[in-house]
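So the structure is just underneath, and the comments pick up after that.
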Amino acid sequence: MLYLIGLGLGDAKDITVKGLEAVRRCSRVYLEAYTSVLTVGKEVLEEFYGRKLILADREEVEQEADNILKDADISDVAFLVVGDPFGFQMNLENKAHCQLYKFGETVSIVFWTDTWRPESFFDKVKKNRQNDMHTLCLLDIKVKEQSLENLIKGRKIYEPPRYMSVNQAAQQLLEVVQNQRTRGEDPAVTEETLCVGLARVGAEDQKIAAGTLQQMCTVDLGGPLHSLIITGGSLHPLEMEMLSLFSIPETSSESQSIDGL
């Protein structure tokens, strides 16, 4: 397993408890050593972590990433990054998820009601795809909500919590697509658009699934919290390689063929 671990921006103690536990059980621990520095040196980190650190300079990270990844499939390897590891653009990150710099504006998808069915967020999705950028869709959460009757009567009675799933978001998106076609518009997203569904990211039972928007209507990712990524249309070969590991059977996309996906 490869661990990308953020160290924060302060000193040795800014690492998370889970991050520290991972560092102490890894066979090799690399410290990214060219985009930023902590207020303490390598020796202080080694003393606090109880592990020797291997400094990784720009050349090693960008040109010799395979050395860092060597044997990560059979042993634990950690790569320590000052600040947020997912804000660090490098070859290792490209092998791990959709490239951060290819994400456009984030959108929110809310639960529809019988009388309120907003579609305005879709304009941002369209703009992102026109710019060949991915869209992160944050899905609605309803916690401690009151019914209109209880709200009017001032009763402190709350509805059961609801968390939008990838399935529900995909179904609403497909309805937006159909509505646009009915109005004679050319939707930026279709049933065959490649999407990525994510659930409980960072937890031991996290789920990731890559497939068409149509397939997202039926995939089961379990309990909350969920989010959805609508891809920008074209993918980097490393993104395609990574998503193939999470493909839903019989996946297709609107503009590309992904081996194994």
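Numbers run from 1 along the shown chain.
Glycine too: its Cβ is placed from the backbone N, Cα and C atoms.
Annotation source TrEMBL lists S-adenosyl-L-methionine binding site at Leu9, Asp84, Gly87, Leu139, Val201, His226. Cβ-based neighbour count (10 Å, all protein chains) for Val201 (S-adenosyl-L-methionine binding site) stands at 12.
Taken from TrEMBL, the feature domain 'Tetrapyrrole methylase' applies to 1-89.
Non-local contacts of Leu139 (S-adenosyl-L-methionine binding site) by the CB criterion (under 8 A, 6+ apart in sequence, same chain) comprise Ser108, Ile109, Tyr163, Met164, Ser165, Val166, Gln168, Ala169, Leu225, His226, Ser227, Leu228.
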